[in-house]
Ligand SMILES: Cc1cc2nc3c(=O)[nH]c(=O)nc-3n(C[C@H](O)[C@H](O)[C@H](O)COP(=O)(O)OP(=O)(O)OC[C@H]3O[C@@H](n4cnc5c(N)ncnc54)[C@H](O)[C@@H]3O)c2cc1C
Ligand SMILES: NC(=O)c1ccc[n+]([C@@H]2O[C@H](COP(=O)([O-])OP(=O)(O)OC[C@H]3O[C@@H](n4cnc5c(N)ncnc54)[C@H](O)[C@@H]3O)[C@@H](O)[C@H]2O)c1
């Protein structure tokens, strides 16, 4: 006999958690399914451990760069201990109890859909009026001949490792690759970064890639551009990657930051009415609807694979189920890479704007030339801000920033892009002196806003 619920949530990463919590609070009868750990990739193997282990290196850099303070040393054993605390020792029993106490039915098993409104988890049959698919994504390792012979890690092994390797090859020059290279290099690991594109962070403005390249090279990362990992073999203790031009790079471990794929295979989503896109993602409308009473949120949708987007879509879907539908809009959502210093972007790149036929004006500001905060913050100050405006509508359409805490101060641009705030209002904003936010006024004046 099957059990019936108002809503079933498949996958309890950040997207599933937000949706489930909202629905439980609204009094719905909710069943949640999780095949691994409640909290998902983000909480145990991705955002949380990576940002936790990046922070000591960042703090040490700040100590070294601030005038009048010295002697900061990194300690892997205590960093690891704090990381393990932050990832709850890979134990989600408190989360299971928490949801159970709130009245949800927690099923720690893999679920698959067997038809509209029907779910199976092991031998348990469940029906639900609404189903939310929140099954996330999984790391992709490119098909490389000989890969089985080497020590190959993804983010999972990297961010739960007990011991640091002495030498690492990091494959992929996007968010995972850059954050991983920064973390390891800061802890004294000899890092070679192999990237097949001609610039790092290839989806961002080319200037961002250039600046990131300089900063990463400065901390000792050996960067190989236009280089694709073609073959792999083991030589004694070494894992060896042969690049397409025949060059060999060797290390104790090869870490892949080569993208992720939506987790949809074999889960019966199409039988329940969902349509999958060319990368296997569940296609959704602006309410996160994937079919009749079927919803999808987070990485599985392939819309913007970030935790803040998974959480946003969780709110969108839950509100639609609760009869308070409001459409999602993805304009101006920030994209931050927690390298050193941080890289942040929002809205369109110039290339994307041109493709949409927008006439643009843009500017780039070296923060040290324009504002005081970088100088009071550190010696030899770092930081740039780039702004892109629609020349006809006179609104901001894109922004990028590199500098200490850029992930915090990008939000001013995010809000302006999202709300299409007129440039003249933005220019009339008065930022606290001396802060990084002052860069916006300087850049807007340079832009001739
Ligand atoms: C190294 C790394 C660092 C990152 N850092 C950041 C960051 O700093 N900021 C940021 O915004 N994003 C970051 N991301 C991206 C972020 O991790 C994802 O966007 C986010 O986890 C997506 O959330 P989700 O809920 O869609 O899926 P997930 O977190 O992937 O969770 C999905 C859950 O569903 C479960 N599941 C899957 N299939 C089933 C099934 N059939 N039945 C039951 N359960 C199932 C899984 O076990 C998992 O727990 C990072 C990613 C990586 C790899
Ligand atoms: N701070 C954050 O918000 C954050 C941090 C990490 C990851 N993430 C998210 O996680 C997802 C995965 O990130 P990612 O960096 O793994 O994926 P990605 O898809 O952004 O980038 C993968 C990179 O690997 C390169 N690559 C692929 N195969 C290669 C090969 N054989 N040799 C050399 N280079 C190769 C690609 O050209 C690409 O640049 C992204 O969507 C990202 O947004 C977010």
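Heads up, residue numbers simply count up from 1 along the chain you see.
Glycine is treated like the rest: Cβ placed from N, Cα and C.
According to TrEMBL, the protein carries these features:
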- 51, 135, 136, 137, 299: FAD binding site (BINDING)
- 172, 173, 174, 175, 176, 177, 178, 179, 259: NAD(+) binding site (BINDING)
- 42-47: disulfide bond (DISULFID)
- 5-314: domain 'FAD/NAD(P)-binding' (DOMAIN)
- 333-443: domain 'Pyridine nucleotide-disulphide oxidoreductase dimerisation' (DOMAIN)
Sparsest Cβ surroundings (other CB atoms within 10 Å) among the recorded positions 47, 178: 47
DSSP three-state assignment for residue 174 (NAD(+) binding site): coil
Binding-site residues near ligand 2 among 135, 136, 137 (Cβ under 6 Å): none
Annotated binding-site residues 172, 174, 176, 259, filtered by Cβ under 6 Å to ligand 1: 176
Minimum Cα separation from residue 51 (FAD binding site), reported as the residue among binding-site residues 172, 174, 178, 259 that achieves it: 178
Candidate with sparsest Cβ neighbourhood (10 Å radius) among 136, 172, 259, the listed binding-site residues: 259
Span of 172, 173, 174, 175, 176, 177, 178, 179, 259 around NAD(+) - largest C-alpha separation, Å: 14
For the domain 'FAD/NAD(P)-binding' (5-314), the mean pLDDT of the predicted model: 97
Among 42, 135, 174, 176, the one of these recorded positions whose Cβ has the fewest neighbouring Cβ atoms within 10 Å: 174
Between residue 135 (FAD binding site) and residue 259 (NAD(+) binding site), the C-alpha gap once rounded to whole angstrom: 16
C-beta crowding around residue 137 (FAD binding site), within 10 angstroms: 24
Helix, strand and coil residues within the domain 'Pyridine nucleotide-disulphide oxidoreductase dimerisation' (333-443) as assigned by DSSP: 40 helix, 33 strand, 38 coil
Largest tally of Cβ atoms lying within 10 Å of a Cβ, found at which of the binding-site residues 51, 299: 299
